[in-house]
Amino acid sequence: MALELNQSAEYYYEENEMNYTHDYSQYEVICIKEEVRQFAKVFLPAFFTVAFVTGLAGNSVVVAIYAYYKKQRTKTDVYILNLAVADLLLLITLPFWAVNAVHGWILGKMMCKVTSALYTVNFVSGMQFLACISIDRYWAITKAPSQSGAGRPCWIICCCVWMAAILLSIPQLVFYTVNQNARCTPIFPHHLGTSLKASIQMLEIGIGFVVPFLIMGVCYASTARALIKMPNIKKSRPLRVLLAVVVVFIVTQLPYNVVKFCQAIDAIYLLITSCDMSKRMDVAIQVTESIALFHSCLNPILYVFMGASFKNYIMKVAKKYGSWRRQRQNVEEIPFDSEGPTEPTSSFTI
């Protein structure tokens with residue numbers, strides 16, 4: 001994968017263009033990419049560490065609150081819970097890709113396939129659950145909801161999202177392997193043409209970005225118009241939240257998908273004709289995909305922590321934890337001779 005993170009970014013190459021010297025068929029000389037490899041060894045582990053720590057903390061809190069404390073869940077709650085689970089599973093793969101960037105893949109062929117597929121499943125499903133949240137918010141504002149809780153259709157939608165993401169990860173399970181240079185990378189048979197490889201790339205862009213972006217754009221624009229028309233309510237805060245959600249999605253996802261689209265076009269028309277351009281493309285995919293996955297760290301803030309109800313649950317949990325700590329400290333501070341009558345003992349001096 002181009003970024004040592006995204007399993008789908010290099011379907012049209014037989015070797016990892018970031019970590020290896022790649023000989024384009026149109027080139028007369030070999031393109032040496034040592035500086036690209038050195039950049040990846042420094043940038044990817046550092047960025048992944050920050051994303052892993054911050055994202056793991058935020059999404060773990062979301063899962064814990066929704067799973068153990070919030071018993072009455074709405075459809076949005078169910079989507080947010082699934083989104084947090086997807087983000088957690090995505091973040092769990094980052095340490096493996098950080099090690100791969102520095103030392104190569106050391107966990108074997110099967111783990112290479114599973115980790116690559118796990119990344120794709122959760123990256124794609126996360127984008128789809130964002131679209132589901134936007135639809136439910138639009139419906140809640142503009143239509144009279146038929147029921148307040150999450151019913152069977154909501155869970156069916158969640159299952160469909162997961163199944164679609166799993167189907168999209170099949171190429172990772174089939175083509176990813178550990179090559180002779182100990183890197184987890186896709187290897188394609190020669191009979192598979194570049195058009196098929198580019199088609200897989202375009203399918204991922206469509207399902208993982210274009211469709212969610214269009215749904216979110218339409219739903220949140222309609223929601224904003226409905227909020228503006230509503231009398232006697234404070235509109236500024238909800239509108240700011242909607243704007244923040246859309247802006248963060250565009251800033252984090254658009255650059256990566258533009259670069260990914262350029263790679264797909266290059267697979268068909270061979271637009272990259274110089275080594276320097278190829279190196280710049282490698283660095284661009286590393287940086288933009290890292291920014292794209294950082295969205296999983298921001299989801300708890302955008303979709304959960306801004307909500308008043310979730311803040312109340314956090315306060316309740318904090319109070320329970322504080323009460324438990326105080327009780328434990330009080331027990332530890334009680335002296336051994338402070339309770340109950342003492343048995344009479346004989347006293348003497350030596």
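Any Cβ shown, glycine's included, is placed from N, Cα and C.
Annotated N-linked glycosylation site per Swiss-Prot: ASN6 (among others), in sequence order, evidence recorded as sequence analysis.
Taken from Swiss-Prot, the feature N-linked glycosylation site applies to ASN19 (among others), supported by sequence analysis.
As annotated by Swiss-Prot, topological domain 'Extracellular' applies to 1-41 (among others).
Within its own chain, the topological domain 'Cytoplasmic' (63-77) has Cβ neighbours under 8 Å at 84-85, 88, 133, 136-137, 140, 148-151, 154, 310, 313-314, 316-317, counting only residues six or more beyond its boundaries. The topological domain 'Cytoplasmic' annotation in Swiss-Prot covers 63-77 (among others).
In this model, the topological domain 'Extracellular' (100-114) carries an average pLDDT of 91. Look at Swiss-Prot and you will find 100-114 (among others) tagged as topological domain 'Extracellular', backed by sequence analysis.
The topological domain 'Cytoplasmic' annotation in Swiss-Prot covers 136-154 (among others).
According to Swiss-Prot, the topological domain 'Extracellular' annotation covers 176-199 (among others), on the basis of sequence analysis.
Assigned with DSSP, the residues of the topological domain 'Cytoplasmic' (221-240) fall into helix, strand and coil as follows: 14 helix, 0 strand, 6 coil. Per Swiss-Prot, topological domain 'Cytoplasmic' is recorded for 221-240 (among others).
Residues annotated as topological domain 'Extracellular' in Swiss-Prot, with sequence analysis given as evidence: 262-289 (among others).
Swiss-Prot lists 311-350 (among others) with the feature topological domain 'Cytoplasmic'.
Under the heading transmembrane segment, Swiss-Prot lists 42-62 (among others), citing sequence analysis as support. For the transmembrane segment (42-62), the list of distant contacts is 3-5, 80-81, 84-85, 87-88, 91, 94-95, 97-98, 101-102, 286-287, 290, 293-294, 296-297, 299-301, 304-305, 314: same-chain residues at least six beyond its ends, Cβ to Cβ under 8 Å.
Cβ atoms under 8 Å from those of the transmembrane segment (78-99) belong to residues 4-5, 44-45, 48-49, 51-52, 55-56, 59-60, 62-63, 66-67, 105-107, 111, 115, 118-119, 121-123, 125-126, 129-130, 132-133, 136, 150, 154-155, 158, 161-162, 293, 296-297, 299-300, 303-304 of the same chain, restricted to positions at least 6 beyond its ends. As annotated by Swiss-Prot, transmembrane segment applies to 78-99 (among others), with the evidence given as sequence analysis.
Taken from Swiss-Prot, the feature transmembrane segment covers 115-135 (among others), and the record attributes it to sequence analysis.
Within the chain carrying the transmembrane segment (155-175), a Cβ under 8 angstroms from the stretch's Cβ atoms is held by residues 7-8, 11, 78-79, 82, 113-114, 116-122, 124-125, 128-129, 132, 186-188, 200, 203-204, 207-208, all 6 or more beyond its ends. The transmembrane segment feature in Swiss-Prot is assigned to 155-175 (among others).
Residues or ranges marked as transmembrane segment by Swiss-Prot on the basis of sequence analysis: 200-220 (among others). Sequence-distant contacts of the transmembrane segment (200-220) (same chain, at least 6 residues past either end, Cβ-Cβ under 8 Å): 8-9, 11-12, 120, 123-124, 127-128, 130-131, 134-135, 137-138, 164, 168, 171, 242, 245-246, 249-250, 253-254, 257, 260-261, 263-264, 267.
Remote same-chain residues near the transmembrane segment (241-261) are listed as 9, 127, 130, 134, 201-202, 204-205, 208-210, 212-213, 216-217, 220, 223-224, 227, 281, 284-285, 288-289, 291-292, 294-295, 298, 302-303, 306 (criterion: CB distance under 8 Å, separation of at least six residues from the stretch ends). Summarising the annotation, Swiss-Prot assigns transmembrane segment to 241-261 (among others) and lists sequence analysis as the type of evidence.
Residue counts for the topological domain 'Cytoplasmic' (63-77) under DSSP, helix first, then strand, then coil, are 9 helix, 0 strand, 6 coil. Within the chain, the transmembrane segment (115-135) has long-range Cβ neighbours (under 8 A, six or more residues past its boundaries) at 1, 5-8, 76, 79-80, 82-83, 86-87, 89-90, 92-93, 96-97, 107, 157-158, 161-162, 164-166, 168-170, 172-173, 176, 184, 204, 207-209, 211-212, 215-216, 219-220, 223, 245, 249, 253, 293, 295-296, 299, 303. Listed as Cβ neighbours of the topological domain 'Extracellular' (100-114) (distance under 8 Å, sequence separation of 6 or more from its ends, same chain) are residues 4, 19, 40-41, 44-45, 172-173, 176-178, 181-184.
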